[in-house]
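Colleague: Below is the structure I would like to discuss, written out as structure tokens.
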Amino acid sequence: WEFNGSFHQPSAFLMMGIPGLEALHPWLSIPFCALYLTALLGNCVILFIIRRTPTLHEPMYYFLSMLAVTDLGLALCTLPTTLGLLWFDARRIAFDACLTQMYFIHILSFIESSVLLAMAFDRFIAISHPLRHPAILTKSTVLKIGLAIVLRGTVSLLPIPFLLKRLTYCGKTELSHSFCFHPDIMNLACADIKVNVFYGMIVLLSTVGMDFIFIVLSYILIIRTVVSLTTREECLKALNTCVSHICAVLVFFIPMIGLSMIHRFGRSVPPLVNTLVAYTYLIIPPALNPVIYSIKSTHIREALLRALCRKRG
């Protein structure tokens, strides 16, 4: 512990694994390794395919590239501490390292939310105004949207580490997960955390909350446009282009909302449920997104098969 008058700050936090299953951590590391490997290889393959295939150089796949980069970042943020704990029981993480990991986890989560919104906007323009789509979402426009997404996440979350550093911590240093999460760290403080709670809630609602609302509105407008199409085949074809994105939205937002509610209001929720929701939120989307898009996107699947055939040849 570092002591400075009445101000107490721990030199490190202790991370928790899966409650009640500590003896099985070496075995549980096997599915975690499989998920991380799928996330890393899958998203790298998506980026490679899009880069090497000129026909995929269009807004939908540019946004998919942003999603893949974000998922890679999320996987790499939690991989060292999660596997370190499961393999070597390495529970200790330095205070500043914990704040750094937390900052990047939250930034990447907010970026993923914004990219999913941008992808919903792209689908709306492509279905509602197909002839104007290339003129509206040019390469420069997509680049500006990407920069705005990164800037919004970085700036909105910048005060969070400083708000945590000003708090006094006394006694308890055990985190609920094998990674650092803002509400988790905040609840270890024995000082007044009203500012942290208020700012965290405002940022969450004004970013991820607004993104989710606009995604829902985009799909309401998409459904209205699809219903107005003349033939059933056209309706199904238009909706089929959205299936992958809808799956990605559900896989990301459902566990994220669940985890946020548990940390803020679910004091009586069993620790095992809290842990499973947290892992689902941070590990499952990076692993599933490349699988979803590889299965549902005909263009990516065909490009992947062509690349495999060239290597075999």
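Cβ from N, Cα, C; glycine included.
Keep in mind that TrEMBL annotations are predicted by a computer and have not been checked by a curator.
Keep in mind the model is a prediction, meaning the values are calculated, not measured.
Annotations per TrEMBL:
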TRANSMEM  27-50  transmembrane segment
DOMAIN    42-293  domain 'G-protein coupled receptors family 1 profile'
TRANSMEM  62-88  transmembrane segment
TRANSMEM  100-121  transmembrane segment
TRANSMEM  142-164  transmembrane segment
TRANSMEM  197-222  transmembrane segment
TRANSMEM  243-264  transmembrane segment
TRANSMEM  276-295  transmembrane segment
Colleague: Is the number of Cβ-Cβ pairs under 8 Å between the transmembrane segment (62-88) and the transmembrane segment (197-222) three or more, considering only pairs separated by 6 or more positions?
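Modeller: Per Cβ check, the transmembrane segment (62-88) does not touch the transmembrane segment (197-222).
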Colleague: Report, as numbers and ranges, which residues of the same chain sit near the transmembrane segment (276-295): CB under 8 Å and 6 or more residues beyond its ends.
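Modeller: Residues packing against the transmembrane segment (276-295) from afar: 18, 32, 35-36, 38-39, 42-43, 45-46, 64, 67-68, 71-72, 74-75, 78, 82, 105, 109, 112, 176-177, 179, 181, 244, 247-248, 251-252, 255-256, 258-259, 262, 301, 304.
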Colleague: How about long-range neighbours of the transmembrane segment (243-264): same chain, 6 or more residues beyond its ends, C-beta under 8 Å?
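Modeller: Same-chain contacts beyond the flanks: 67, 109, 112-113, 116, 119-120, 123, 181, 183-184, 187, 197, 201, 204, 208, 212, 215, 219, 273-274, 277-278, 280-281, 284-285, 288-289, 292-293, 296-297.
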Colleague: What average pLDDT is reported by the model for the domain 'G-protein coupled receptors family 1 profile' (42-293)?
Modeller: 92
